[in-house]
């Protein structure tokens, strides 16, 4: 794709996000979601040759979700139905948003669409595409029961699904499903909490996506040979942070959420989220352990002459800054 068209679609994508977060009418929110979909699809097909299938699947799922959202909108405008079928209308809104964002139990399309995308498009789908949908969920706080169901399922699917994965994309896709669950519960607690969590996740995914895109990483075992020593340590520490391993920066947003939930007496939800987080953390720790064993037994480091060490150092500095910013934010909250 030529740069002018690429820039145009990105600007329209940002504009669609502004429409989603600034409008109070469900009709305008729906228009913003459709603009978002129509801007993302050209960006998805601008990379690998096999991205067309992913773009078609994404289009079908998003159209189906939009139809469900419109049904909920029209039902809510009918005062008689809105009074007697409030729970049904809420269920329709919940189902449409969960389907569009790829959260459990409507995550069936998420892996098949994202696993064929480039790393930069995966970053787009995991971060920018989700922002507007997460913001809209702030209007659905009355649907707490449905959202809690998605939160628990997403955290468990994100943890269990990542086990025994050999492709790096699949690992991060399941991790994204788990993080969506954490961000939804953060929305239920406070706008500030979920913005902090989203910002942390955005920075982490940007770091991994750029590095993996530059190296063309597909499988997990490729990281043993494709990266310099500095990059390998940065990736492993970043994975521990992404999994919420203390004392890394990813631990602090999660401990803030758990702390607020415990103060609210939501002990069952805290237990469920901790179990899902520990399962997800298991495959990150296992990956780090295996990597350290391989590097220890290896007598020769495979260095790439074209390694962008400056980029790695800058991202390392960013994450060190985040390590101190997040605790300050936690104290402020």
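All positions are counted from 1 along the displayed chain.
Just so you know, glycine gets a Cβ as well, placed from its N, Cα and C.
Please treat TrEMBL annotations as automatic predictions, because they have not gone through curation.
For reference, TrEMBL has these:
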- 25-276: domain 'NADH:quinone oxidoreductase/Mrp antiporter transmembrane' (DOMAIN)
- 5-21: transmembrane segment (TRANSMEM)
- 27-46: transmembrane segment (TRANSMEM)
- 58-85: transmembrane segment (TRANSMEM)
- 91-110: transmembrane segment (TRANSMEM)
- 122-140: transmembrane segment (TRANSMEM)
- 146-164: transmembrane segment (TRANSMEM)
- 171-189: transmembrane segment (TRANSMEM)
- 195-213: transmembrane segment (TRANSMEM)
- 234-261: transmembrane segment (TRANSMEM)
- 267-289: transmembrane segment (TRANSMEM)
- 309-332: transmembrane segment (TRANSMEM)
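Highest Cβ contact count with the transmembrane segment (91-110) among the listed stretches 5-21, 27-46, 146-164, 234-261, 267-289 falls to 146-164 (criterion: pairs under 8 Å). Outside the transmembrane segment (5-21), and at least 6 residues removed from its termini, the chain residues within Cβ reach (under 8 Å) are 28-29, 31-33, 35-36, 39-40, 42-43, 46, 128, 131-133, 135-136.
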